[in-house]
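One structure below.
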Amino acid sequence: MTELRQRAVREDAPPEDKESESEAKIDGETASDSESRADPAPPPASVDDTPEVLNRALSNLSSRWKNWWVRGILTLAMIAFFFIIIYLGPMVLMMIVMCVQIKCFHEIITIGYNVYHSYDLPWFRTLSWYFLLCVNYFFYGETVTDYFFTLVQREEPLRILSKYHRFISFTLYLTGFCMFVLSLVKKHYRLQFYMFGWTHVTLLIVVTQSHLVIHNLFEGMIWFIVPISCVICNDIMAYMFGFFFGRTPLIKLSPKKTWEGFIGGFFATVVFGLLLSYVMSGYRCFVCPVEYNNDTNSFTVDCEPSDLFRLQEYNIPGVIQSVVSWKTVRMYPFQIHSIALSTFASLIGPFGGFFASGFKRAFKIKDFANTIPGHGGIMDRFDCQYLMATFVNVYIASFIRGPNPSKLVQQFLTLRPDQQLHIFNTLKSHLTDKGILTPALEDE
């Protein structure tokens with residue numbers, strides 16, 4: 001009887017209702033099926049990934065203090081590793097950035113795969129890694145052409161690859177796009193497009209911003225080290241202030257974050273940024289742009305420091321003079337820029353962490369992975385760093401970087417002789433009109 005009633009209701013339904021119902025089933029699944037299938041799988045039970053040595057050594061402590069010591073010890077280990085890779089030079093730093101990028105991409109893609117693995121979507125992980133390869137080929141190809149221009153022009157295969165780089169990159173991406181279309185399976189269309197978007201958003205967050213880290217590094221290691229160090233300092237000091245003085249919750253996405261930690265981390269980071277900038281501004285190996293030497297086939301960081309890294313005397317405002325009894329102070333102009341960097345790292349940078357927290361809560365997971373005991377995955381440590389890298393790149397382009405004469409000369413040398421002669425005559429005429437070159441010198 002129930003079945004007959006349901007059939008009668010369906011037959012009496014208006015035509016537009018029947019059409020919408022048939023549209024909902026057009027890809028082989030009803031709306032209820034789609035909703036039930038879109039729910040993430042239950043998260044795996046949390047596992048204590050703390051090294052056994054630390055577990056035994058800290059067994060007598062409460063869980064709160066045990067977590068404090070575990071985080072502290074492993075933080076010091078990561079800082080020591082950071083110093084080692086800085087000592088090894090820019091080439092090693094670029095390789096580390098590449099490895100971090102791949103690991104972060106793997107962690108995010110794995111979450112998507114774990115959530116939807118029961119659907120047996122064809123080619124999902126294969127296409128995800130293929131698109132990662134395509135995007136890296138495009139970005140790193142652009143970087144090689146930009147910073148290794150002379151080397152590229154000297155080697156015929158590299159010159160051809162450089163000339164057609166964007167066309168090759170587009171062709172590679174188009175191949176992946178066609179492969180995705182061919183992989184579409186009935187009953188899973190919507191889900192497959194979800195995962196296609198998942199992959200591309202991950203590429204935007206991870207690969208694009210890690211490419212900006214490389215660009216910051218080429219501007220000088222100080223533009224790489226100071227921003228990263230400010231984010232690390234803010235993370236540590238916010239945790240310390242919150243651990244000992246935290247009482248007021250800051251944001252619901254991260255219940256353990258407090259206003260006391262947020263404010264304490266800000267002031268500590270600004271002071272740290274000023275001190276670190278003062279120390280690093282005195283060394284050419286940190287302030288000089290990273291350039292490729294064609295004669296030695298190696299990177300060089302030797303130059304005459306710009307005014308940004310020369311000590312200058314500044315007048316102290318009258319209000320502050322009455323407190324510190326100083327009229328002037330000698331400091332590097334870069335220290336003023338470091339205030340902007342440390343302010344962003346402590347006030348805006350944490351929102352990268354809040355974004356990651358919201359992402360993890362949406363999929364009911366604690367961490368992106370368990371790579372680092374007490375800290376989660378690599379992405380858990382770099383959620384703020386990527387946002388910071390984008391800000392630094394925009395900051396340099398807006399307030400620091402000017403025309404690069406060496407790049408202009410490199411491009412000039414690749415022109416045809418008649419084009420070079422035309423530019424030479426135009427430039428000579430321009431300099432003569434401005435009085436930089438005298439007519440007598442021109443005649444000679």
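Numbers run from 1 along the shown chain.
From the backbone N, Cα and C atoms, a Cβ is placed for every residue, glycine too.
If you look up TrEMBL, you'll see 1-38 marked as compositional bias 'Basic and acidic residues'. The region 'Disordered' annotation in TrEMBL covers 1-51. Residues or ranges marked as transmembrane segment in TrEMBL: 68-88, 94-116, 123-140, 167-185, 192-214, 220-246, 258-280, 334-356.
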Is the transmembrane segment (334-356) in contact with the transmembrane segment (220-246), using three or more Cβ pairs under 8 angstroms as the rule and ignoring pairs under 6 apart in sequence? yes
Please tell me whether the transmembrane segment (94-116) and the transmembrane segment (167-185) touch - that is, whether there are at least 3 C-beta pairs under 8 Å between them, with each pair 6 or more apart in sequence. no
Residues of the same chain, at least six outside the transmembrane segment (192-214), with any C-beta under 8 angstroms of its C-beta? 38, 94, 97-98, 100-101, 104-105, 108-109, 112, 116, 121, 124, 127-128, 131-132, 135-136, 139-140, 143, 180, 183-185, 224, 385-387, 389-390, 392-393
In terms of Cβ proximity under 8 Å, which residues at least six beyond the ends of the transmembrane segment (68-88) contact it? 50, 54, 58, 61, 96, 221, 225, 228, 232, 236, 239, 243, 372-375, 381
Please give the sequence-distant neighbours of the transmembrane segment (123-140): residues at least 6 beyond its ends with Cβ less than 8 Å from one of its Cβ atoms. 98, 101-102, 105, 109, 112-113, 116, 165-166, 168-169, 172-173, 176, 179-180, 183, 192, 195, 199-200, 202-203, 207-208, 211
